[in-house]
Amino acid sequence: MALHMILVMVSLLPLLEAQNPEHVNITIGDPITNETLSWLSDKWFFIGAAVLNPDYRQEIQKTQMVFFNLTPNLINDTMELREYHTIDDHCVYNSTHLGIQRENGTLSKYVGGVKIFADLIVLKMHGAFMLAFDLKDEKKRGLSLNAKRPDITPELREVFQKAVTHVGMDESEIIFVDWKKDRCSQQEKQQLELEKETKKDPEEGQA
């Protein structure tokens with residue numbers, strides 16, 4: 001859904017930088033460092049996506065809101081992904097792991113038994129990142145935006161809109177979610193409290 005990822009070409013950077021270097025400072029294909037992973041280790045909000053793949057587009061249209069937590073493992077180059085989707089006013093939770101390809105600057109995920117990839121595009125000054133996928137395919141390409149805050153600035157929205165047009169899509173293809181329709185915050189809170197209690201119990205038993 002928010003993080004469906006497929007291998008992409010690397011022509012995005014020059015197109016974006018040529019548009020307006022003052023407001024768009026984007027790199028693609030940069031190696032993923034420990035610093036990048038530490039920065040990614042946080043709670044993120046799926047803001048929206050422009051997706052031409054009809055199956056993915058249909059899934060996003062049904063989604064009212066998504067937030068997720070990323071927890072990298074620096075030893076085995078994986079990242080735990082915990083997603084909270086609000087669909088039809090109900091919360092749907094999912095947990096999985098992403099692979100990290102440091103040198104290529106990509107993340108990977110198994111979907112339907114197939115390993116797929118996406119380039120990570122870091123927008124650190126905006127507290128956001130994009131995932132670009134399948135840009136070579138005119139019928140399936142897509143670009144998603146994720147941020148540390150659900151209420152993004154007009155500047156970040158403009159950066160995303162320009163990126164979408166530069167990869168060959170129209171702004172009208174963008175589907176933004178509505179963070180005010182969140183139905184998962186309470187469930188996340190309960191899960192975190194339960195995990196704290198679970199961690200506490202073994203320690204008390206050893207005391």
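The backbone N, Cα and C atoms fix where each Cβ goes, and this holds for glycine too.
Of ASN69, ASN94, the one with N-linked glycosylation site in Swiss-Prot is ASN94, while the others lack that note in the record, though it may still apply to them. Candidate recorded positions: CYS91, ASN94, ASN104. Nearest to ASN76 (N-linked glycosylation site) by Cα distance: ASN104.
Counting other Cβ atoms within 10 Å of each Cβ, the lowest count among the disulfide-bonded residues CYS91, CYS184 belongs to CYS91. When the glycosylation sites ASN94, ASN104 are compared by the number of other CB atoms within 10 angstroms of each CB, ASN94 has the fewest. A Cα-Cα distance of 12 Å separates ASN94 (N-linked glycosylation site) from CYS184 (disulfide bond).
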